[in-house]
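Here TrEMBL flags 6-25, 34-56, 118-139, 174-195, 216-235, 247-266 as transmembrane segment. Among the features that TrEMBL reports, domain 'G-protein coupled receptors family 1 profile' is placed at 15-264.
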Amino acid sequence: LFGVVLLLYLMTLLGNSAIILVSLLDPKLHTPMYFFLSHLSFLDLCFTTGILPQLLVHLGSSDKSISYGGCVAQLYVSLELGSTECVLLAVMSYDRYVAVCHPLHYTLVMHPRLCHSLVATAWLSGVVTTLVQSTLTLGLPFCGHRRVDHFFCEVPVLIKLACVGTTFNEAELFVASVLFLVLPLSLILVSYGHIAQAVLRIRSAAGRRKAFRTCSSHLLVVTIFYGTIIFMYLQPAQSRSKDQGKFVSLFYTVVTPMLNPLIYTLRNEEVKGALKRVLEKVLGNAHV
C-alpha cells in the first residue's frame, strides 16, 4: 500500500505540475479554460501534499501518530481546498457552457476580469467555510478521545470523537454540504443539459465530436469527484462502515487528483500539442 500511494502521489505531482507549466509557457493555452485548469491542478497539488506525506509516514513506520497542531492544520487546509475545488468545478462548467452554447460571444463574456473574479470567489468561499466549519468542529470537547479512525483529520471523523451532543455540528455540516456539493453539482448538470442540447443541434459530425471531446473530460472529473465526496459527506454516518469511509476518502484524496491531469491531457489534443511544443523547445535549448 505504501508503494501504491507513493506512486500515485508522484504521478499527481508530475501530472499537475506539467499542466501548470504548459498553461503558463504555451501562448496558445492562455485561455479561460486553461486558466481555470491550472488553478485546479494547483489545488490538487496542495490538497494531496497536505495529506499524503503524513499518510506515507504512517504506512512506512510503526508510528501512527500526528500532533494536535498537525491535525488542526490538516483539517483547515484540506477543507479549504476541497470546498474551493467544489466551486471551481462549477465555474469550469459555466466556462464550457459559454464556449459551446455561445461561441461567438465567448471572448466577450469570459473576459480576464470575470475569470479572475470567479477564481477569487472560489478561493474565498473555501476560506470562509473552513474558518466556520473547522472552528466549530475543534470547539467540541473530545474528553480525552485521541484515536482518529481515519488516515487524515476530516470533519465527519472528528465530530464522532466528541463526547457531547453534536446535533448542531451535524446540521451545520449538512447545510455546508448542500451549499458546496449539491448546489454546484446542480449548476453543473444544468450547464451540461444546455450543452447537450446545443451539441445535438450541430449538423457537422466533426463539430459534434469536437464539442463532446472538449466537455467530456470535465464531466468525467465532476462525476468522480462529486460521486465520492457526496458519499462521504451527505450519507448518514450510521449507514456506512468505517472501512467504506476510509476507502472513499482515499479515492478522492489520492486517485482523483492523479486522474485529473491524465484525463485532460490524454483526451485533449491542445494540451498534448502544448506539451510537445514545450518539450521540443526545452530540448532544443538544451541541445544548443
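Cβ from N, Cα, C; glycine included.
Remember, predicted model here, so these are calculated numbers, not experimental data.
Per-residue confidence over the domain 'G-protein coupled receptors family 1 profile' (15-264) averages out at a pLDDT of 86.
A Cβ distance under 8 Å defines the sequence-distant neighbours of the transmembrane segment (216-235), meaning residues of its chain 6+ beyond its ends; these are 82, 85-86, 89, 92-93, 96, 154, 156, 173-174, 177, 181-182, 184-185, 188, 192, 245, 248-249, 251-252, 255-256, 259-260, 263-264, 267-268. Highest Cβ pair count under 8 Å relative to the transmembrane segment (118-139), across stretches 6-25, 34-56, 247-266: 34-56.
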